[in-house]
Amino acid sequence: MVKVRIRSPAWYDGVDNTPHRSYLRAIGFTDEDFTKPLVGVLAAWSELGPCNYHTLELAKYVKEGIKEAGGVGLIAPTIVVNDGINMGTPGMRYSLISRDLIADTIEAQFNAHGIDAWVGIGGCDKTQPGIMMAMVRLDLPAVYMYGGTAEAGWLGERELTIEDTFETVGSYLAGKITLEELKRIEELSFPTYGTCQGLFTANTMAILSEALGLALLGSASPPATSARRKAYAVASGRAVLKAAELGITPRKVVTYDAIYNAAVTLFATAGSTNAILHLLAIAYEAGVKFTLDDFDEISRRVPVIAALRPAGPYAMQDLDRIGGAPRILKKLYKAGLLRPEALTVEGETIGKLLERWQPPSVPEDGILYSVEKPYKPYSGIRILRGNLAPDGAVMKIGAADKLKFEGKAKVYNGEAEAFKAVAAGEIKPGDVVVIRYEGPKGAPGMPEMLKVTAAIVGAGLGEAVALVTDGRFSGATRGIMVGHVAPEAAVGGPIALVENGDRIAIDGETGRITLQIPQEELERRRKNWTPPPPKYSGGLLAKYAALVQQADKGAVTAIPLR
């Protein structure tokens, strides 16, 4: 029997802790239970949306695995903000904020109660990095487990994901489909609980949890409705006590090499640009120096090998059918693109796990490609720099057919203004839509622009218009879109100085973004610029705006920034 009681004796052993034991006896603890490791089961659970609807049930299966391995599991919740439901509303300001809040709530709960080890179950976009940040912050034995993707919907022979609902709004506004057709997409696109079905932010972070070594190999792809999801829950409960017995903690796993492997995997799958922010934040919590320069260098050597939405036509359940994330990782490993000595929570290096893993005997069906003959010859994401983004920006080139664009700026001080312009037909081919004051401090919360980007694509302007913002993009975004512009407008970044009619050049091949005005004119505008007053004087959003760092630092909340 495993007996790894790292911290709990200080809470529950001895005469002086008699009252503490009394509390737990009230929920069924026995004398024997107090001799076992106390293992937290963190469930990011909520009925406010489908993504985390089932995680409480999965937590009970995790407890079974913990019990089998000789521990006692205790379930604790954390908050969930459903990104999709909040898209284009004031609620989206709470999305990125929730990532750091989740990490904070886990720290508070588990440090306050003397937990020896824990398993974190995530679902919707920010629950996953929030849990992983807490894993390395607490540095207790821990395993991450994904709640799983929703099943794709079907309209005849057409496979649907939630991406279709956002884009068909644009099609409807452009007069391309009827209201009845839009309603049909609404009804069919999201048929089960689980997360958004394409390689959007949730599924991106799930795959990266395997690449980082924080989750069991193969655990990312089974749908939320699959019986294998419950089996992985039990296995994760057993695995965390094995990790404790071996002395493996997240900071031994999340090294530079692990972040490197995650970055390679992100670029090879054309995953969500949000993952750049989240990997920077996880690296920060782990004390690992990893910057946009590292991402830039890696991105120039890794092609896209996965045809997953929005870069391709397939959903996460299609990837699961051919072996899931391990099939991607093994291709990258065999091509020499991964650092195989990175340790995992399973107690072995990722290289050893991948050597042993064998893919199922099913064809890849155009879902995956080889590194030698990739789906796209370039990376899924490019880091951009230039006089419009001195500290960097990101462009999801894997989901765009054009890598270069030049046009005249149409400037909007917020997403709502921009969406009204798209809906009114004011955006024309050749425009560069600039949405500013939507950064970490300015919004605050760096909201996603999916409502606008999807409306642009749905209107048939996806390759005829570019969008530049100091905000973020949903993982479902496609087209010529540049986000995370740093410094943001609210702190006086050059994006605050752009005027209607200015020409902007975007080059996804070389990684440059240029505001084509003389430097003297830029300086003249800078002298005339005044910072806007804070949007909030109290409450959570005001606290966040005061603490949050810029996008190139992962938008972490920190005093001081290490």
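Using N, Cα and C of the backbone, Cβ positions are placed for all residues, glycine too.
Within the same chain, residues at least 6 positions away in sequence whose Cβ sits under 8 Å from that of Ser474 (active site, proton acceptor) are Asp83, Gly84, Met87, Phe166, Phe200, Thr201, Ser272, Asn274, Glu448, Met449, Leu450, Thr453. The active site, proton acceptor annotation in Swiss-Prot covers Ser474 and is backed by sequence analysis.
The [2Fe-2S] cluster binding site annotation in Swiss-Prot covers Cys51, Cys124, Cys196. The Cβ of Cys196 ([2Fe-2S] cluster binding site) has Cys51, Gly84, Thr149, Ala150, Thr161, Ile162, Glu163, Ala202, Asn203, Gly475, Ala476 as same-chain neighbours under 8 Å, each 6 or more residues away in sequence.
Non-local neighbourhood of Lys126 (Mg(2+) binding site): Val81, Asp83, Ser95, Leu96, Ser98, Arg99, Ile102, each in the same chain, at least six residues away, with C-beta under 8 Å from its C-beta. Annotation comment: Swiss-Prot describes Asp83, Asp125, Lys126, Glu448 as Mg(2+) binding site.
Under the heading N6-carboxylysine, Swiss-Prot lists Lys126, citing sequence analysis as support.
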Quiz item: What residues, ordered by sequence, lie under 8 A Cβ-to-Cβ from Asp125 (Mg(2+) binding site) and sit at least six positions away in the same chain?
Solution: Asp83, Ser95, Thr195, Phe200, Thr201, Ala202, Met205, Asn274, Gly475
Practice problem: Measure the Cβ-based neighbour count of Cys124 ([2Fe-2S] cluster binding site), defined as the other Cβ atoms within 10 Å of its Cβ. | Solution: 29
Quiz item: Across all chains shown, how many C-beta atoms besides its own are within 10 angstroms of the C-beta of Cys51 ([2Fe-2S] cluster binding site)?
Solution: 29
